[in-house]
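Below: one structure in structure tokens.
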Amino acid sequence: MFYPRQTKEFINIDPLQTGGRLSEEAKKALVEWGDGYSVCDFCTGTLDSIKTPPIYKFVHEILPEFLGCDVARITNGAREGKFAIMHAFSGCKGGEIIMDENAHYSSYVSAERAGLKVIFAKNSGYPEYIVTADDYETAIDSAKNPVLALVTYPDGNYGNLPNIKRIAKVCESNSIPLIVNGAYAIGRMDFKLKRMGGDFIVGSGHKSMASAGPVGVLGMKEDYADIVLKKSEKFKVKEIEMLGCTARGVVVMTLIASFPHIVERIKRWDEEVRKARYFAERFEELGIIQLGEKPHNHDLMFFESKVLYEISKKAKSGRFFLYKELKKKKIHGIKPGLTKHFKLSTYMLSEEEIEYIIRAFEEIIEKYSG
Ligand SMILES: Cc1ncc(COP(=O)(O)O)c(C=O)c1O
């Protein structure tokens, strides 16, 4: 049975989805490589060693250079990358992981699954929710046995970009390896692990690399490869934390197909930041206030809207009025029922689309305030 997608003709502002839209090349790859284990036509033992199609070159040459690290792997997603690292480091009982209070739930549950206790580096609270190196220092001081740290760059709620360099320095001086969760960075903005700081980087193909999913990337410094990529005693070529092979089908090929597109779009990141700031400024004129870092440095933005909240108290469809009105205007991405607080993304929207969205909100507010 074929089900058409309801939101196909809509302007999409869901932060989860704006960076994962396929490039034209990836759409072609999707059809060409759609059969189950298609990439295994000429398998030589592990996913990363396949030379036809050129997965070996992608994993061992292109990805490490792109991520600015020594060793890279393809994973099933950002969370699988984080879990693989955490599991590899969870050997001793009572191990702890320090992570920013803005961390995604998948970082937290990865730690739980790996048996690591989470100690949060607190954020600054309303309205900016910033996490600093000092917050990591405080969290580390309160920990008994920290074996890892994680920073979310940017976080998926406010789109804040913490100062990784400083955080990495604090972690390094306490001999704690640092994971950078770059699910919203890798594929959107330039990121080189060795330049930015940190020991591991994880990215998400379906979130920010114009790829079908689930797929992700994992990069690390050479020093950690023996720990995280340890091989099976019985199946000599299979890496344990990768469960032998990770993404073993069409998603790898969409990731590779979109790579040139990714390299090009990253060069236009400044333009994306400029658009986001413009959007936030215009929204604030409507009384919809951007929380998180200001001026903002990412297309993912969190807004507080007392004006829409007040309308929802009186509107016939209650708190669902905004969703319904946006649907009529073919705008998708704000969750049904949200009016007071919501996040959205302006990533890769045209100037016309941005103006259209601002006008749409203006019209909705006018309609209900009249
Ligand atoms: C900050 C952040 N990290 C990680 C993830 C999860 O990425 P993946 O689906 O690749 O595991 C998300 C998903 O929303 C996220 O917002």
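The backbone N, Cα and C atoms fix where each Cβ goes, glycine too.
Take a look at what TrEMBL says about it:
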type    : residues                         : note
BINDING : A78, R79, N181, S204, G205, H206 : pyridoxal 5'-phosphate binding site
MOD_RES : K207                             : N6-(pyridoxal phosphate)lysine
Need this for a regression test: binding-site residues A78, R79, N181, filtered to those with Cα within 10 Å of the residue listed as 'N6-(pyridoxal phosphate)lysine'. What's left?
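Qualifying among A78, R79, N181: A78.
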Could you give the maximum C-alpha to C-alpha distance in Å for the residues A78, R79, N181, S204, G205, H206 that bind pyridoxal 5'-phosphate per the record?
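Between the outermost Cα atoms of A78, R79, N181, S204, G205, H206, the distance is 14 Å.
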For G205 (pyridoxal 5'-phosphate binding site), what residues in its own chain, 6 or more apart in sequence, show a Cβ-Cβ distance under 8 Å?
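Expected: G20, G77, G187, S211, A212, G213, P214, V215, G216, V217, V251, T254, L255.
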Within 10 Å of the Cβ of R79 (pyridoxal 5'-phosphate binding site), how many other Cβ atoms can you find? Include all protein chains, please.
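I get 22 for this one.
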What binding-site residues in A78, R79, N181, S204, G205 place CB under 6 Å from ligand 1?
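The qualifying binding-site residues are A78, R79, N181, S204.
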May I ask you to report the DSSP-based helix, strand or coil state of A78 (pyridoxal 5'-phosphate binding site)?
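DSSP call for A78 (pyridoxal 5'-phosphate binding site): helix.
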Could you name the residues, excluding A78, R79, N181, S204, G205, H206, of the same chain that surround the pyridoxal 5'-phosphate site, i.e. Cβ within 8 Å of the Cβ centre of those residues, in sequence order?
T75, G77, E80, G81, A183, V202, G203, K207, S208, G213, P214, V215, G216
What three-state secondary structure does DSSP assign to S204 (pyridoxal 5'-phosphate binding site)?
strand
Would you find the one among the recorded positions H206, K207 whose Cβ has the most company, meaning other Cβ atoms within 10 Å?
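Most Cβ neighbours within 10 Å: K207.
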